[in-house]
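S.K.: Sharing a structure, written as structure tokens. Questions coming.
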Amino acid sequence: MDLKLLFITLLGIICCSSAQQEGNECIKANALSCGECIQVGAKCGWCTDTEFLKQGEPTSARCDELESLRKRGCDKIENPHGSQRILKNKAVTNRKKGAEKLRPEDITQIQPQKLSLNLRSGEPQNIKLKFKRAEDYPIDLYYLMDLSYSMKDDLENVKNLGTSLMKEMSKITSDFRIGFGSFVEKTVMPYISTTPAKLLNPCTGDQNCTSPFSYKNVLKLTSNGEQFNSLVGKQQISGNLDSPEGGFDAIMQVAVCGEHIGWRNVTRLMVFSTDAGFHFAGDGKLGGIVLPNDGKCHLENNVYTMSHYYDYPSIAHLVQKLSENNIQTIFAVTEEFQPVYKELKNLIPKSAVGTLSANSSNVINLIVDAYNSLSSEVILENSKLPEGVTITYQSRCKNGVVNEGENGRKCSNISIGDEVSFNINITAQGCSKQVKPESIKIKPLGFTEEVEILLNFICECECHKHGIKNSDMCHNGNGTFECGACRCNKGRVGRQCECRKDEVSTEDLDKNCRKDNGTDICSNNGECVCGTCECKKRDNPEERYSGKFCECDNFNCDRSNNKLCGGHGRCECRVCICDANYTGSACDCSLDASTCLASNKQICNGRGICECGTCRCTDPKFQGPTCEICPTCPGVCTEHKECVQCRAFGTGEKKDTCERDCSYFNLIKVKDRDKLPQPVQAFPLMHCKERDANDCWFYYTYAVNNTEKEVHVVEALECPAGPDIIPIVAGVVTGIVLIGLALLLIWKLLMIIHDRREFAKFEKEKMNAKWDTGENPIYKSAVTTVINPKYEGK
């Protein structure tokens, strides 16, 4: 338990210390001017009151948190705030397909277009951008095709692509242009064969192929589909030696040669069609090419002429150029190379991959599907940020979906006419080194429109403009008096710039910083600068040293309840200055007697004395904050019976309102009556014995220990023993059986006695009877004697 308490205490100290450190950036900065102060953070302010600093406090003490400055009595605080101003705010375009045709530059999809921000260090500025996909927005599509020999059958299907694609895209936009370019490979070994015959016709057998080339711009962007069909129909297949093609060279030229290609400031799509992989930066070494690609246009007569001089571009270089020129790429590749180009898609923002059939017959559906997929997502990107500037995004998309972090840059599933918004926070830390305002640009990937944001940094306070150079208030003009303090000229130090740097610390000056000619300089709580003590700063901004010799502080006064001056006063030079109605060395004695009033409006219930806002009871039987509690007075047991009963056993009249009415004491259960506490001298205690509705007894004690009411209760009820049903029933049944048997025996005995008496009586009467011996006259004998007449008796 002790270890746990120690751990909690240490944790509290660490947390408090951490909180103090975090909130102390203004003090830690040691800012010597208002401009330096406001660069520390948005919480910092500068006090311009000339009388603000106490003796011993350095100039940097003027820089503190705003609330701390107000508590210290400063009412003149310099605290500039950032602001923003919209310079161009053209509304997004609302129009339907078939309406009056607008020039691309007259169509607006993002609003506002230009802003100016004034940034205060550490204070974010929030701007809201609105994006709406315009209907019937113009589209430029450039078809870049691999013309190596393996794409021979694909070329046949592409020859009629112009008019067919024009017809299909007319369902999306009425302003559509298409162009065509082709590529093969670098014209050096080992990518192609450099023998004279192969340079004329790189194909084998009787195949008639054109000479190999790196990239050729066949058709500038045009709205004439027939012209596309005508020029593409004249193209011939070429050939090379290795499988990967030089498509990256072609993509780079399409991206950077805007004038040759004819790109407008509209939706720019490039379809990259191939059935092979690609070479990238470093592969040029195989042909002895080591110069990295310069990312510039090198087209002469619409042919790339520097393929033998510059290496292939890297993927990162392509991403940069495609993004700069707002080109969205559609990779139309065969099934075999889908995994490779899907990985490439993950590296190139606003790109898509479609599966090209073996002969490119599905290319139109592929382009339309890919365009719908790309245009349904808007992703914001920003230009390089100035040093110390950070930016965060939050998107509010369709159906109320809110995204933050990296996902806050984009919204998906946007249909034509849908409107989404972005909340963007821009924060500066410190002040830019650039004299002129800096700017950043935010734009949706794949779109030419952008938002320009001019950044102006607040590097100085407003009061800086009214500074007095070489002021007499700064020791004979050795500094500029601005914002309530001196900003010393170079080589001067001190609150009033009264010393040169080379004389800051000398023995004679140090004597002025020793109290009573002692040995401690500035009481070991500060430094001696120009013969004047400048007191140290504490980590906690609320704690400060002061005084001529830094002998005073505002944190070493007496404490009460772990609060400085009891929380009812302020500490000045290690002595508590108490608030009204409080006294004592720690301001812990209240002179307000209202806290001693009992319910009968008497001070301490008439049974005590009010001392420092607390009752001291003079009658030993009474206790509590107002001497109203008497644990041993008659009626205590009855008063608390119902609450003890409901809390200990869940019964009684208050069982339904127990939590509300009976939470005024601490309940402690014990096993038996011997465990109940016994009366002691420290505090009165009452033993109680009460009976519930079931005639059960329960025992408890009631006591008040230091205003804490405690009830100890025996956890088991003492109830009278109930009758034993089984013996009673058995006894009753047995009794009934025995009584029945006894009655039967008695009846039988009586019957026997009765029968014997009757028989004896019969016998007696029989003996006394005199019977007549004469015969019955009507009696006839049952014997008949027959005599045979012939019988002669012989």
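Backbone N, Cα and C define each Cβ position, glycine as well.
Below, the features straight out of TrEMBL:
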DISULFID  C26-C461  disulfide bond
DISULFID  C37-C74  disulfide bond
DISULFID  C47-C63  disulfide bond
DISULFID  C203-C209  disulfide bond
DISULFID  C431-C688  disulfide bond
DISULFID  C499-C513  disulfide bond
DISULFID  C528-C533  disulfide bond
DISULFID  C552-C557  disulfide bond
DISULFID  C573-C604  disulfide bond
DISULFID  C578-C587  disulfide bond
DISULFID  C610-C615  disulfide bond
DISULFID  C630-C633  disulfide bond
DOMAIN    33-461  domain 'Integrin beta subunit VWA'
DOMAIN    637-724  domain 'Integrin beta subunit tail'
DOMAIN    748-794  domain 'Integrin beta subunit cytoplasmic'
SIGNAL    1-19  signal peptide
TRANSMEM  725-747  transmembrane segment
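Distances, neighbours, how buried they are, the whole picture for these features please.
M.R.: The Cβ of C461 (disulfide bond) lies under 8 Å from the Cβ of C34, G35, C37, I38, W46, E78, P80, C483, each of which sits 6+ residues away along the same chain.
Cβ neighbour count for C63 (disulfide bond): 26 (other Cβ atoms within 10 Å of its Cβ, all protein chains included).
Counting every protein chain shown, the Cβ of C203 (disulfide bond) has 16 other Cβ atoms within 10 Å.
In sequence order, V636, C637, H640, K641, V644, Y699, Y700, T701, Y702 make up the list of same-chain residues 6 or more apart from C688 (disulfide bond) whose Cβ falls under 8 Å from its Cβ.
Of all Cβ atoms in the shown protein chains, 24 besides its own fall within 10 Å of the Cβ of C513 (disulfide bond).
Take the CB of C533 (disulfide bond) and look out to 10 A: across all protein chains shown you find 28 other CB atoms.
Sequence-distant contacts of C557 (disulfide bond), defined as residues of its own chain at least six apart whose C-beta falls under 8 angstroms from its C-beta, comprise L564, C565, C571, R574, V575, C576, A586.
In this view, C604 (disulfide bond) is surrounded by 25 other Cβ atoms within 10 Å of its Cβ, with every protein chain counted.
Residues near C615 (disulfide bond) in space but far in sequence (CB under 8 A, at least 6 apart, same chain), listed by position: C596, I603, C604, N605, G608, I609, G624, P625, T626, C627.
Summarising model confidence by region, the domain 'Integrin beta subunit VWA' (33-461) averages a pLDDT of 88.
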S.K.: If I take the alpha carbons of C533 (disulfide bond) and C513 (disulfide bond), what is the distance between them in whole Å?
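M.R.: Between the Cα atoms of C533 (disulfide bond) and C513 (disulfide bond), the distance comes to 6 Å.
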S.K.: Using other CB atoms within 10 angstroms as the count, which residue among the disulfide-bonded residues C74, C630, C633 scores least?
M.R.: C633
S.K.: By Cβ count within 10 Å, point out the most packed of the disulfide-bonded residues listed: C47, C431, C552.
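M.R.: The most densely surrounded of these disulfide-bonded residues is C47.
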S.K.: Quick one: Cα separation, C499 (disulfide bond) versus C587 (disulfide bond), in Å?
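M.R.: With the alpha carbons as reference points, the distance is 43 Å.
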S.K.: If I take the Cα of C47 (disulfide bond) as reference, which of the disulfide-bonded residues C26, C513, C528, C573, C630 has the closest Cα?
M.R.: C26
S.K.: Please name which of the disulfide-bonded residues listed here, C26, C203, C633, is nearest in space to C578 (disulfide bond), Cα against Cα.
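M.R.: Closest candidate to C578 (disulfide bond), judged by Cα separation, is C26.
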S.K.: Of C74, C513, C587, which is closest to C63 (disulfide bond) if I measure between C-alpha atoms? They're all disulfide-bonded residues.
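M.R.: Smallest Cα separation from C63 (disulfide bond) among C74, C513, C587: C74.
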S.K.: Within 10 Å of each Cβ, count the other Cβ atoms and name the one among the disulfide-bonded residues C499, C587 with the highest count.
M.R.: C587
S.K.: Taking helix as H, G and I and strand as E and B in DSSP, count the residues of the domain 'Integrin beta subunit tail' (637-724) in helix, strand and coil.
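M.R.: Residue counts in helix, strand and coil order: 20 helix, 29 strand, 39 coil.
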